[in-house]
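Structure, as structure tokens:
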Amino acid sequence: MADKQISLPAKLINGGIAGLIGVTCVFPIDLAKTRLQNQQNGCRLYTSMSDCLIKTIRSEGYFGMYRGAAVNLTLVTPEKAIKLAANDFFRHHLSKDGKLTLLKEMLAGCGAGTCQVIVTTPMEMLKIQLQDAGRIAAQRKLMPEMVAAGTVETKSPTAMQLTRELFREKGIAGLYKGLGATLLRDVPFSIIYFPLFANLNNLGKRGVDGPAPFYVSFISGCLAGSTAAVAVNPVDVIKTRLQSLNRGSTEDTYSGVTDCIRKILRNEGPSAFLKGAYCRALVIAPLFGIAQVIYFLGVAEYLLSFLDPGNVLM
């Protein structure tokens with residue numbers, strides 16, 4: 001309804017809870033996606049998602065699959081909260097002037113995607129370094145010819161060490177390396193995801209104004225999330241490459257988005273832009289399915305009602 005009020009604190013809390021649950025469930029697949037996307041021709045350690053996860057467990061143990069999880073779990077709360085709450089905020093205000101058209105839904109998604117990169121870019125920057133550290137270490141052991149002569153094997157850095165190093169060398173801009181590529185990924189993703197989810201979810205509503213059952217929200221979130229994820233995967237490959245600081249001696253380095261596209265096309269072909277697409281779809285589908293169930297169940301509204309029922313607007 002156009003005049004329906006929203007509780008921004010409740011929306012932020014719902015988004016945060018959803019992000020924590022979702023990321024915990026799918027993080028190993030996200031790690032495999034990052035490592036597969038960073039592989040270049042001639043330096044392939046992993047043939048598939050399952051091969052990557054098996055080799056990761058063998059070389060780094062079970063918890064090796066959760067490298068970078070602390071950063072993601074810490075920052076996914078504000079990231080998901082901003083994305084979901086911002087979309088609701090924009091949809092609410094855009095619907096005040098009349099029917100919420102597809103164009104307005106896309107504008108709301110655009111606003112949500114733009115807002116979230118404030119948190120997304122530093123989170124992705126740190127997460128990618130931690131996730132890819134195991135691939136570089138394995139490359140040193142299994143493919144020593146790909147490592148520069150005289151390179152000394154060092155212990156994988158922690159998130160705090162990476163943050164301090166980036167601040168010291170490049171200031172706050174160091175944490176926002178790849179900002180342009182992150183915008184190019186997250187804005188189109190949100191433009192596709194939110195309208196698609198809303199329309200799929202509406203198909204399962206009970207009556208005109210009734211809410212959709214939780215399983216409809218879950219399935220809608222999975223379908224919309226996987227569709228949007230695959231659609232923007234080429235930009236996600238570019239973003240991952242640009243944000244990776246450590247590489248093998250024979251792997252390309254990139255000066256920007258255009259340079260990255262040109263070198264990938266020249267050296268790896270167009271199919272390289274689909275690297276990790278399967279993993280990304282498997283990550284995003286349950287992540288947003290879980291997020292939408294938590295969101296639409298109104299977990300935060302329920303919790304806040306114990307503090308002051310009169311302040312929670314449903």
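Including glycine, each Cβ sits where the backbone N, Cα and C put it.
TrEMBL: automatically predicted annotations, no manual curation.
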Among ranges 12-32, 180-200, whichever one TrEMBL labels transmembrane segment:
12-32
Counting only residues at least 6 beyond its ends, the same-chain positions whose CB falls under 8 A of a CB in the transmembrane segment (12-32) are 46, 49, 52-53, 56, 65-69, 72-73, 76-85, 131, 276, 279, 282-283, 286-288, 290-295, 298-301, 303-304
Spatial neighbours of the transmembrane segment (281-304) far in sequence, C-beta under 8 Å, 6+ residues away:
7, 9-15, 17-19, 21-23, 25-26, 29-30, 33, 49, 80, 84, 193, 197, 201, 211-212, 214, 217-226, 228-230, 311-312, 314
So how many of the residues in the repeat 'Solcar' (212-301) end up helix, strand or coil by DSSP?
69 helix, 0 strand, 21 coil
